[in-house]
Amino acid sequence: MASHIILPKEEEEEAALGVAVEEDHDSPAAPGDQRQQGPVAKALPFSATCVRISRDSYPNLRALRNASAMSLPDDDAAYAKLEEGDYGYLLDDVPHFTDYLSDLPTFPNPLQDHPAYSTVKQYFVNADDTVPEKVVVQKDSPRGVHFRRAGPRQRVYFESEDVKACIVTCGGLCPGLNTVIRELVCGLSHMYNVNDIFGIQNGYKGFYSSNYLPMTPKSVNDIHKRGGTVLGTSRGGHDTKKIVDNIQDRGINQVYIIGGDGTQKGAYEIYKEIRRRGLKVAVAGVPKTIDNDIAVIDKSFGFDSAVEEAQRAIDAAHVEASSAENGIGLVKLMGRYSGFIAMYATLASRDVDCCLIPESPFYLEGEGGLFEYIEKRLKENNHMVIVVAEGAGQDLIAKSIAAADQIDASGNKLLLDVGLWLTHKIKDYCKNKKMEMTIKYIDPTYMIRAIPSNASDNVYCTLLAHSAIHGAMAGYSFTVGMVNGRHAYIPFHRVTSTRNKVKITDRMWARLLSSTNQPSFLSQKDIDAAREADKLASKSPVPVNTKEHGEDAKKLANGEK
């Protein structure tokens, strides 16, 4: 079901009287779009596929429409489902079978007869339950964007014996992958009595290049104690048509996809192709990124385990540094675009003297630069520990090392080794200054990725897997995640359109600077630019697209155009 903004009553009347109504100039007309010049014949009709935004909810409608920096492409707008309520309430809903399939039977949820749930006061989620995207508001603020709450529904769209589910893991390794796989298999089997569960081996390409692996609770019983993924993984290999052909040929009707933002984009494409073909197949994404850079959700699974393991590397660096005269311990941690692991590991450790992340630019030489700070710290303490995220300082490296841009199979730019580069730069600086210094460089990246998840992440993985199962059984397609402490079903495009990044104007970054006593390395211009970016991001509403009319968008979504 497509959703489009409808002008409030007063503006409809203006349009009917021939009064000029401002167009959305950010959305150029589609090819072949012949716009009427002069009076509008009639107002755009209200329908179930449209969203009415009232003046009371949003006094400045055009600001809402145009402020978004994330306008959806035409084909994505056809799948957006926005439902408006009182006091500025807006539900950013996820797709459902009933959006494109009619007269589907429903069945009682098997959980109502499950002995483990017999003591639960209310084990079915209310159909109207939603989770707010923002919980800190002012008294006059609109209620804002909400997501559909995750959990079991009273009626489901599958009978247990008809379910044929598959699970695939894609992208890099992360603590908790095996736990999610285990809980998907055990949850489907134990909660919904599903017997046909298959593993797709080696990422997306496994759909069409290898045999499906039958999975049972017994076969996955202790895999959560091991790192990595028992299904194997790979980057790339996404061929939407081949994948959906195989899903259709094998009679799969529930697809569970575990991976990062690139993988969730692939899941979205799979869903769109499934919908175009009119297949009764639910697609459930479980977001995975060790960097914790998935948008909207509170955190991704494996992050706590990664921070805990990163501290071990920092501890080792501190021992090495403090055991030598003018000793420096340099630790490189994961964080291609976002420095969350470096920031949280630094805050947890309290032994770090300097933390460098991609979001906060730094410089080496001159007053207030890194070299000056290193020299000062060594004179004061006789040792120091530096933590650097892998994506930090890439612009500085590019200036000193000529290298052609290369990308991996997932489309990510291959990074130059900032840890090694920084080690050599510090050595050269100290040599020129005739300073005695010992530096130890530690790169624990692959050690951290390969560990099993800790207790906290094991619980989180279980809740994510169970929420994914409940949503798929209820006929939804979505990405699942925790939003403000509550599990919710999030539209695919919301988690793939942007990245979660450390806000250097936030108090958490200020706490880090206070802990390490390092300079911010920022000019006032940098700070003002960061504040402005944060302000724009906080004002951006749900992305909408007003170019397609309701019926046209519906046809596009259902493969009729």
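Cβ coordinates are placed from backbone N, Cα and C, and glycine is handled just like the others.
Annotation source TrEMBL lists region 'Disordered' at 1-39 (among others).
Among the features that TrEMBL reports, compositional bias 'Acidic residues' is placed at 10-25.
According to TrEMBL, the domain 'Phosphofructokinase' annotation covers 165-470.
As annotated by TrEMBL, ATP binding site applies to Gly172, Arg235, Gly236, Gly260, Asp261, Gly262, Thr263. Of all Cβ atoms in the shown protein chains, 20 besides its own fall within 10 Å of the Cβ of Arg235 (ATP binding site).
If you look up TrEMBL, you'll see Asp261 marked as Mg(2+) binding site. Taking a C-beta cut-off of under 8 angstroms and a sequence separation of 6 or more, Asp261 (ATP binding site) has the following same-chain neighbours: Pro287, Thr289, Asp293, Ile294, Ala295, Val495, Thr496, Arg499.
Every protein chain considered, the tally of other Cβ atoms within 10 Å of the Cβ of Gly262 (ATP binding site) stands at 19. Positions annotated as site 'Important for substrate specificity' by TrEMBL: Gly262.
Using a 10 Å Cβ-Cβ cutoff, Glu390 (substrate binding site) registers 25 neighbours. Annotation source TrEMBL lists substrate binding site at Thr289, Ile290, Asp291, Met334, Gly335, Arg336, Glu390, Tyr446, Met447, Ile448, Arg449.
For Asp291, the entry in TrEMBL reads active site, proton acceptor. Every protein chain shown contributes to the tally, and the Cβ of Asp291 (substrate binding site) ends up with 30 other Cβ atoms within 10 Å.
According to TrEMBL, the region 'Disordered' annotation covers 533-561 (among others).
Taken from TrEMBL, the feature compositional bias 'Basic and acidic residues' covers 546-561.
Across the residues annotated as binding ATP (Gly172, Arg235, Gly236, Gly260, Asp261, Gly262, Thr263), the widest Cα-Cα separation comes to 12 Å.
Of the candidate binding-site residues, Asp291, Gly335, Glu390, Met447, Arg449, the one lying closest to Thr263 (ATP binding site) when CA atoms are compared is Asp291. The average per-residue pLDDT of the prediction over the domain 'Phosphofructokinase' (165-470) is 93, rounded to a whole number.
Taking every pair among Thr289, Ile290, Asp291, Met334, Gly335, Arg336, Glu390, Tyr446, Met447, Ile448, Arg449, the residues listed as contacting substrate, the largest Cα to Cα separation comes to 17 Å. There are 20 other CB atoms within 10 A of the CB of Arg449 (substrate binding site), with all protein chains counted. Cβ neighbours within 10 Å of Met447 (substrate binding site), excluding its own Cβ and spanning all shown chains: 14. Of all the binding-site residues listed here (Asp291, Gly335, Glu390, Arg449), Arg449 has the Cα closest to the Cα of Gly172 (ATP binding site).
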